[in-house]
Each structure stands twice: as C-alpha cells, then as structure tokens.
Amino acid sequence: MSLKISRIIEGLELKLVAGQKGIKREVNVASLAKPGLELAGMLDFYENDRIQIIGSKEAAFFHSLSHEEQTSRVEAMLKKDAPAFIFSKNVDIPQIFIDLGNQYQVPILKSFYKTTSLFSELYAFLQAELAERTSMHGVLMDINGVGVLITGKSGIGKSEVALELIRRGYILVADDMVEIYQVEKGVLIGEAPDVLKKFLEIRGVGVVNVVYLFGVRSYREKKRISIIVELDKNFDDNKDDRLGMSADQRKIFDTYVSYASLPITEARNTATLVEAAALDFKSKDMGYNSAVEFNKGLNQHIKKNQELENEKDD
C-alpha cells in the first residue's frame, strides 16, 4: 500500500508552501521522523522513506546555524528524496526550505497542529490509510464501549437489532457494509463506507439517518472490533455450549476476535441477547467470567453432596 502526499494534504488540511510538483510522491510507511541529527550534519541514519516533521526544537537549532550550514544541510536532506517536510503550527518556515523545496520538488507543508498533536494525528491517519482492508456484511455497534460486529444471513434482522440498540442509547458505526482494517496485530478498526455513513436501512421503512432521528450521540465514525456476534436461525441445540465455557474466535488478517453465535427464534429478544453478549465480553475482559464462576460453584456443590453421601454410608 502507498499514499500520495496530495491525499495527506487533503486529509490533514495541510498548507502547501513549496514543492507543488512533488505532491504525487508516495509514502509507504506510517512511521514519522524528526531530522535533528540530520540538521546537525549527520546523515548516516537519515530515514528518507518517512515524512519529516520539524517542530520548535528543530527550528531553534536550525536558526543557530550559519547561512552556509543551513543551505548545505537542507540540500543534503532534500537530495535524498524524503516524501515531504511538515512544519508544525508554531514554526515559521525558513526561506531556504521554500527555495530548495521548489528546486528539488519536495513538498514543504505547514500544519495547524502543534508538534505533539501533529505526530499523533498524522500517524493515526497514515496507519488507517496504509492498512490492508477488507469488507464484511453486517452491522457494527458500540455497546458500552465494546465494538460489536453483528453478522448473519440477509434478512435475519441485523438492522432491526441495531435500531433497537440505538433506541436504548447505544451507538451505530456502520450498517450493511463494514470496512475493516488492521492498524497493528490485535487491533481491528471498523467503519462505514463514505456513502453509508450515518445511514441505517430498515425493511418496510427505508433508509434513515440516525443522527437526525436520534441525535449526534447515536453515531460514531469508527470503532475497534472486540467481538463478532452471528445471528443464526439454523442452530443445533445439541452442539450449543449452554454454559458458555468455550472461547470461540474468528481470524481477520492477523487478529483473532472473540466470536459468539446467537440462536434466533421468534420468542427471543435479539437486541437484548446482543446487548448481553457485549456486556458479558466486557466483564470477561475485566477479569470476571460468569460461566467459570458458575462451574466452580457447581463443582463445589457436587463435591459437598458427595461428601455428605459418603458420611451417610459410613
């Protein structure tokens, strides 16, 4: 995966100051660099595949150099074809960067973020844009902070479940199609395609905008996926783990995600079941497993009864 500088300019609302002809340069890594050593004249460790960030400390050191040193060191960096240089909010861009940026066609950009915020915002943006992606049919909800991906066959009622959960105060992330990307091993993020953001399709009603119906708190743009809940009408009761002792998982990219299959019948409140699955996951994540505690108590009860029976036999 690669990303053009022009897309980064658009995504972070950066100002292009110089190097217009270089905006088609591509970035292949999310990591960033601050060229402190390079400004001091040491290029042995120069990471020219990364976007270079210049904050107030780098700028202060740069201004302490002579004009000849400034020129030679900026030129040495630009010759090595870094994707772009971004100056943070409180830093004025030296004219030598502008002149040589145009000469070597390296974009020189200005951010409205301070250095720390620029690092975090740009890194998160690059991670999301450069990540491998896949799509799944389903609904992604935020239930008490738990990202729940609801799946199941078409027509089983996923969107209707989402509507009821939204009515209860939970948050919609995506309906019908969920785009999933892995920012790092163990972390999957889900979001809606641009055209579907904020919309929910209800059979018999049509497409509704949840923000207009339920307010801005009913929607968020993305959420980490913690558990996959599949709605299933064709379940086998004999194979069902009634205690919930087993820990089933599904693999997406390099990440294993907790998985639960919920048997669906007309007599069951599906939204409540999904809500319970999310809350149970949260309690397990906090260190409490209801099934394990129940099984422990049951075993203790059986053991106690056996001891009483043995005492009677004696």
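Glycine is no exception: its Cβ is also placed from the backbone N, Cα and C atoms.
Copied over from TrEMBL:
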type	residues	note
ACT_SITE	H137	active site
ACT_SITE	K158	active site
ACT_SITE	D176	active site, proton acceptor
ACT_SITE	R242	active site
BINDING	G152, K153, S154, G155, I156, G157, K158, S159	ATP binding site
BINDING	S159, E201	Mg(2+) binding site
DOMAIN	4-126	domain 'HPr(Ser) kinase/phosphorylase N-terminal'
DOMAIN	129-296	domain 'HPr kinase/phosphorylase C-terminal'
REGION	263-268	region 'Important for the catalytic mechanism of dephosphorylation'
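Feature map: annotations from TrEMBL on the structure.
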residue	record	Cβ within 10 Å
G152	ATP binding site	21
K153	ATP binding site	13
S154	ATP binding site	7
G155	ATP binding site	9
I156	ATP binding site	17
G157	ATP binding site	18
K158	active site	25
S159	ATP binding site	22
D176	active site, proton acceptor	18
E201	Mg(2+) binding site	15
What three-state class does DSSP give S159 (ATP binding site)?
helix
Sequence gap of 6 or more, C-beta under 8 Å: which same-chain residues meet both conditions with respect to H137 (active site)?
T151, S154, D176, M177, V178
Inter-residue Cα distance where the pair is E201 (Mg(2+) binding site) and K153 (ATP binding site), in Å:
15
Starting from the Cβ centroid of G152, K153, S154, G155, I156, G157, K158, S159, which together make up the recorded ATP site, report each further residue of the same chain whose Cβ lies within 8 Å of that point, ordered by sequence.
L231
DSSP helix/strand/coil residue counts for the domain 'HPr(Ser) kinase/phosphorylase N-terminal' (4-126):
57 helix, 19 strand, 47 coil
For the C-alpha pair, I'd like the distance in angstrom between K158 (active site) and E201 (Mg(2+) binding site), rounded off.
10
If you run through the region 'Important for the catalytic mechanism of dephosphorylation' (263-268) with DSSP, how many residues end up as helix, strand and coil?
0 helix, 1 strand, 5 coil
Which three-state DSSP class does G152 (ATP binding site) fall into?
strand
For the region 'Important for the catalytic mechanism of dephosphorylation' (263-268), provide the mean pLDDT of the predicted model.
77
Whole-number answer please: how many Å between the C-alpha atoms of E201 (Mg(2+) binding site) and S159 (ATP binding site)?
7
